[in-house]
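A short write-up of the structure that comes next.
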């Protein structure tokens with residue numbers, strides 16, 4: 001698997017897309033720091049961008065890479081290699097190279113600005129960790145979609161729909177159900193609802209770490225009580241790990257049954 | 001060597017293989033023939049584990065290939081359409097496959113035989129179909145495996161390369177290897193094959209030598225013998 005990972009990774013590192021992605025984050029980091037003139041404020045703005053954009057890029061990149069490397073995959077399938085190692089290697093290649101672009105692109109301007117001497121370093125690290133989780137989650141989901149759809153256009157369509165659902169529609173439905181059932185105690189329900197969507201979960205995690213939960217009212221207090229403790233933090237990271245693990249398991253399962 | 005028992009495969013509603021039983025003994029050249037869509041490539045891909053059969057079993061050197069990948073060390077495969085990652089260079093691809101499969105020095109010889117030196121530093125996406133096929137041949141023959149599977153090996157080759165390919169096949173046969181070929185070029189098959197397997201609608205219609213086929217169909221030459229089978233079964 002490591003050999004496949006190596007080849008996929010270097011293949012991606014040579015493609016211009018990784019550099020575009022890297023340059024985008026570099027620019028974003030510099031502009032945000034320049035406009036905000038303050039590390040912690042830049043972190044908050046950055047969060048809003050990362051939470052939506054990282055899943056989108058992970059999804060599109062994952063689907064694109066899978067379809068684009070079809071020839072490479074077929075070449076590998078005739079070699080004495082396990083199917084699971086072929087697909088996991090490719091998946092990790094995508095996820096790791098995207099994470100690298102994210103870490104380097106955002107890390108460099110923040111370090112240059114004096115991140116290590118400021119208090120924002122923990123918030124910033126949390127932001128990066130969440131970003132990496134989201135990259136791994138959404139590229140795994142994208143691989144799942146691509147593995148199940150031979151048709152490229154369909155695959156792309158489903159992938160975009162998935163992103164749209166988790167990034168935007170889910171929130172709308174969630175909010176509507178909260179309004180509909182406002183007469184009932186909803187703190188537990190909303191907690192679970194947040195856990196079920198990796199994007200919401202990431203957003204909540206960061207918001208609460210940034211100590212702006214007061215804006216969220218009573219629910220915010222409940223959330224703070226949960227996510228603020230180390231127990232809540234562990235549960236959240238477990239949920240994120242599960243969001244990576246389950247799609248990866250399905251990649252292994254699906255790849256074993258597929259015809260090429 | 002290769003034992004196929006009761007093999008079934010469906011793609012959607014399309015029955016491609018309908019109970020194939022085939023045993024290929026060690027040594028010699030086997031040609032798998034049949035009209036378009038008869039399931040030749042599917043059989044080859046099931047032997048390679050690229051297509052998972054619905055029913056039936058395949059044994060290569062007495063090991064069941066299900067959920068196994070090590071047995072492919074014993075098989076060299078030339079795919080029908082040479083699809084390579086287009087942003088890799090030829091020598092990078094050769095190096096990569098060597099890295100994945102193990103060391104070999106035979107590639108230098110093959111590169112010389114097929115005059116590929118000028119293309120080594122070119123990207124695969126820029127090569128012509130015939131040159132890609134030559135690269136394909138180098139990748140296939142550079143490992144010394146006991147089974148060689150060639151799916152339409154003559155596609156796109158110029159006459160000189162075709163002659164070299166035939167020589168190469170004979171050389172490998174002389175080493176006692178088992179070679180499985182599919183082709184639509186009957187003269188090529190007649191020239192190289194010892195035994196043929198004729199597949200029709202996912203079933204084995206005939207298995208034996210070319211002479212036996214001519215006798216069975218009462219035809220003088222091989223091409224007509226094959227055409228005869230097709231006409232009798234489709235007309």
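Residue numbers in this text run from 1 along the chain shown.
Just so it is clear, glycine is given a Cβ too, placed from its N, Cα and C backbone atoms.
These numbers come from a predicted model, not from an experiment.
Annotation comment: TrEMBL describes A:16-35, A:42-67, A:87-112, A:124-146, A:158-181, A:229-253 as transmembrane segment.
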Range from A:16-35, A:87-112, A:124-146, A:158-181 with the greatest count of C-beta pairs under 8 A to the transmembrane segment (A:229-253): A:124-146
Feature contact check the transmembrane segment (A:16-35) with the transmembrane segment (A:124-146), CB under 8 Å, 3 or more pairs: no
Contact call for the transmembrane segment (A:16-35) against the transmembrane segment (A:158-181), three or more Cβ pairs under 8 Å: no
Folded-back contacts onto the transmembrane segment (A:42-67), same chain, C-beta under 8 angstroms, at least six residues removed: 8, 12, 17, 21, 28-29, 32-33, 36, 90-91, 93-95, 98, 102, 106, 110, 120, 123-124, 127, 130-131, 134-143, 145-147, 152, 155-156, 159-160, 162-163, 166-167, 198-199, 202-203, 206-207, 210, 212
